[in-house]
Amino acid sequence: TSRFVYVLTFFSAIGGFLFGYDTGVVSGAMIILKQKFSLNNFWQASFMFKFAITVGFAAIFALLGGPLNSVFGRRRVIMAASFVFMGGSVVLALSGNKETLLVGRAIVGVGISLVSMTVPMYIAEVAPTNVRGRLVSVNNLFITGGQFVASCVDGLFSSDVENGWRYMLGLAAIPAFIQFFGFIFLPESPRWLLQKDQDELAKKCLLKVATSWEVRREFEAIKNAILEERLHGRVFLWLSYYVAVRRAIVIGCALQLFQQISGINTVINGLLVARGRDQNHLFASHMCIWPINRHYSQTRWILIHCICVVVALLFLSTGFFLSALHSPPVLDNSTSILNDTSACYRFKSCVNCMQAPLCGYCYTQVGQSWNVTQSTCLPTNVNNPQLSKTGECSSKHPGSPYFASNYCPTQYSWMAMAGMVLYLAFFAPEHDFTNLCRIQNSEITNVIAGNAFSAATNWVFNVVISLTFLDVTTALTYQGAFLLYAGFAFTGVVFIYLFLPETKGKPLEEVQQLFQS
């Protein structure tokens, strides 16, 4: 494989790095911002700031990204996304009030949407067939890398209460500029060039990444596919006429759907944020996907990992169930302050305390046993979730009680943590299941409209699941919520087994033929 294709993949995957950096840096910046701008619970704790604004705009522009890619080409759209990221980062860094912060988040959401649908498609269209899956997986490696760097940047500037958040949010402009500058010298997608009848430029692009005999074969295959598209007219008329294309798009959207409704963002952004995420798995995605795409069937591995997700969710649900069944009681709420109207003081058990937002369990236990000798349900200190707002857990000193903001001290607590570790090992955005789905999706929905629909599906259900998580856990408890997600994941297993064909080693133009039957 030509070295040029790796250079091309590197500059393309910077978009994934920006995506990962943005999703990772916000949590650290919010710790400072909520004090700087006196943000109330609606602004700081609700998902509006982090999700409904950024992800909402991402969903909208994912649909608009299809026509933009068709008219202006993949290269120009990626350059535009880089420019938008730079602009959004500058707006965030220079913000003087919370309204400007929301504007900056909206601008960044536009950049995220364009990157999320265009970069995998661009890599898939340019990369040779034999390394296509591996190169698309590099984008996901860079997403994780962005999250890792975001964690480091958050830690580096967390002590600067005055301007640390500006550096956190503004530094994204640097990789955005690098990508913009790099793409000045990179070629357009050969598929788009052929769609615009620029045959010679398309051949030159293909010759940079493949041998001459591969170029002839690929050139003819792309050309024939484009002629067939033109034969059936506009994209949406073509979608209504060509059954195979509709099937591919439905399956591509379904893969994105099952990723989200299996609850991955509830763990990443809900449960694990409070515990603190471990970024030691930075290279797990790349190291696992590289040999899989070299030796094994992608569809089979997606199915296996989806089954493992179901098992992990059931294990996680069981852990929460046993912890709730053996939940220690609240032994003493006499430490409550009379003029504090917090609802935390009325709960009689740890599990009920955990279900309430901004409540934590303050307890003392005997040695390493699970016998709790003193316990209270107290409101959490929003500025430091490791401490309570009032009571004995409001400060840390030798011999002070423990304060649990998201777990109950029982002999089954390890099951919930182990379930989350297993879940992330098979499903997190940095890991195999989502990574494999993105690779597969970049191959089966190579039609512009298909990429737009699948990207929009991903963002819309990202918002839906994230916004409903607290309501679902309140209605069904944690164990019930993850049992529900396990049911969704099992539905995904059945769907993948019945409908997803193997695409490994096939040119993009031949993949659509797999959906004829």
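Backbone N, Cα and C define each Cβ position, glycine as well.
The following features are taken from TrEMBL:
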DOMAIN    8-504  domain 'Major facilitator superfamily (MFS) profile'
TRANSMEM  6-33  transmembrane segment
TRANSMEM  45-65  transmembrane segment
TRANSMEM  77-95  transmembrane segment
TRANSMEM  102-123  transmembrane segment
TRANSMEM  165-186  transmembrane segment
TRANSMEM  302-325  transmembrane segment
TRANSMEM  411-428  transmembrane segment
TRANSMEM  448-470  transmembrane segment
TRANSMEM  482-500  transmembrane segment
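Through the fold, the transmembrane segment (302-325) approaches residues 258, 262-263, 351, 407-408, 410, 412-420, 422-423, 425-427, 432-433, 436-437, 440, 477-480, 482-483, 485-486, 489-490, 492-493, 496-497, 500 of its own chain, all at least 6 residues removed from its boundaries and within a Cβ separation under 8 Å. Among the recorded stretches 6-33, 77-95, 102-123, 482-500, the one sharing the largest number of Cβ pairs closer than 8 Å with the transmembrane segment (165-186) is 77-95. Here the domain 'Major facilitator superfamily (MFS) profile' (8-504) has a mean pLDDT of 76 out of 100.
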